[in-house]
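Peer 1: For 30-50, 62-82, 102-125, 137-156, 241-262, 289-310, 326-350, 370-392, 496-515, 527-547, the entry in TrEMBL reads transmembrane segment.
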Amino acid sequence: MSEELAPGPKESPPAPRAGPREVWKKGGRLLSVLLAANVLLLACTLISGGAFNKVAVYDTDVFALLTTMMLLAMLWILFYLLRTVRCPCAVPYRDAHAGPIWLRGGLVLFGICTLIMDIFKTGYYSSFFECQSAIKILHPVIQAVFVIIQTYFLWVSAKDCVHVHLNLTRCGLMFTLTTNLAIWMAAVVDESVHQSHSYSSSHSNASNAHLASDQRAGNPVGGDSCLCSTAVCQIFQQGYFYLYPFNIEYSLFASTMLYVMWKNVGRFLASAPGHSHTPSPLSLFRETFFAGPVLGLLLFVVGLAVFIIYEVQVGGGGGRTRQALVIYYSFNIVCLGLTTLVSLSGSIIYRFDRRAMDHHKNPTRTLDVALLMGAALGQYAISYYSIVAVVAGTPQDLLAGLDLTHALLMIAQHTFQNIFIIESLHRGPPGAEPHSTPTKEPCQNLTFTNLDAFHTLPACPPTPRLVSPSSADQREAVAIISAPRSQWRRRCLRDISLFLLLCNVILWIMPAFGARPHFSNTVEVDFYGYSLWAAIVNICLPFGIFYRMHAVSSLLEVYVLS
């Protein structure tokens, strides 16, 4: 009776369990992919049609589609936050690799710049409200609300592995991802048209460019009531064009995080022993030789000066364009050459690294590798077109030689940097040494605590000299001996990561904010013609710009893992 009345040990509440496994997970994924493909093709048709003057698709049509897509995406996000995640056992697992703090921090930074861009765009279209459609003012307002809601959603839910409303969640994530891609494409097309307008104006075709701009905006030809003539209007117009790169990167960052969430829907996580690594607090200059950060900051500052000189001299016209191109190409050749050598040295250091390779399933890492390889194809294409134009073209002067060297180094730098980053992402955390099976020798792990049992083994003479140290003692001794070398390699890898990170930032700033030596240098324009060369650059360059920012994100993760 006393045993029945005795209080037993407290039982911990049961951990939340996921629901039963899906019968056909690929079917739910296929449904969401088909929905996203159809919506994306519709958006691509309208956006690309609006970029050509002969097609009767105006900005108002594109803005109406994007506004509708953002409203539907916001409705689903609110349903997810208010209904889906509040279901019992809705999120039994959270992916530790998804949505790292630097990725979410970058998303917030680009989101703030996108909000400023929407304010400038609203002010620009409000400057001549009486002759504009209301959708042009409504679109940036809706986009600002969409950015706020989506940023909060990704900040709190990026790691979720949802196990309720599976098909609805997959379709909602894919539709939101498609919405971000459509916004990205609209921004890229608008910026490309703006660059073409600038090129036409610099080549004494200002009247034709202005006519094309009026037709594309949906204004009647000859109607000058919607001209941006006031100083405030021009400030708003220039301001939101300069903020387009942040809007582009925000959309791409959000798309990558949404894709990882889509892959994690219905996913069951199993803890992998030996690979649960909690990164230390981020400190950019801790445990480094300071050579990488100092040299990287020096190149960053010099790159900003070169970019300002290039913009001023090329924008001013006259005979200073050639000098600006020589300075621009010279800096890029030095920067690309150094980053190629540093990436190659990092790969050589990994040949002496004893850390085990991490082969566990990781959707975030798989996506990072695919984006690095895919985005590099855009710059590869531009470089090979430039090589053919320079080699097969007639003029062989200094600019042609610099252009050829720049194109070759661009290919080499992308190749070796991708090798270094991908190998770094597949390395285990510090301390993850390869597991080696110890060789079993007679009398290994032998002790003398039980002499009777010992005398039953006639093959081993009873001498203390045959006592071998345990495998734990051996590993500890090896770790103590190799600790200084491991620390030296870790510092070198951190210096390399920071140097490459700063170089990729300046190599992103130059093309993202308007540096277009592809058109200022007339080698490719004369060889291919302006129309074909403009199409090549406008299609491939956005991928090259995205590659730089995604490389920055990956290198920050490499720094933490080192």
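Along the chain as shown, residues are numbered 1 onward.
Backbone N, Cα and C atoms are what each Cβ position is placed from, and that goes for glycine too.
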Peer 1: How about the transmembrane segment (370-392) with the transmembrane segment (137-156) - do they touch, taking at least 3 C-beta pairs under 8 Å (6 or more apart in sequence) as contact?
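Peer 2: Contact criterion not met.
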Peer 1: Out of 62-82, 102-125, 496-515, what stretch is closest in contact terms to the transmembrane segment (137-156), meaning most Cβ pairs under 8 angstroms?
Peer 2: 102-125
Peer 1: Please figure out which one of 30-50, 62-82, 241-262, 289-310, 326-350 racks up the most CB pairs under 8 Å against the transmembrane segment (496-515).
Peer 2: 289-310
Peer 1: Under 8 Å for C-beta pairs, could you tell me which stretch among 62-82, 102-125, 326-350 has the largest tally with the transmembrane segment (289-310)?
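Peer 2: Between the stretches 62-82, 102-125, 326-350, 326-350 has the largest tally.
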Peer 1: State the residues, same chain only, that lie 6 or more residues beyond the ends of the transmembrane segment (62-82) and have a CB under 8 A from a CB inside it; answer 'none' if no residue qualifies.
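Peer 2: Distant contacts of the transmembrane segment (62-82): 39, 42-43, 46-47, 50, 133, 135-136, 138-139, 142-143, 145-146, 149-150, 153, 156-157, 169, 172, 175-176, 178-179, 182-183, 186.
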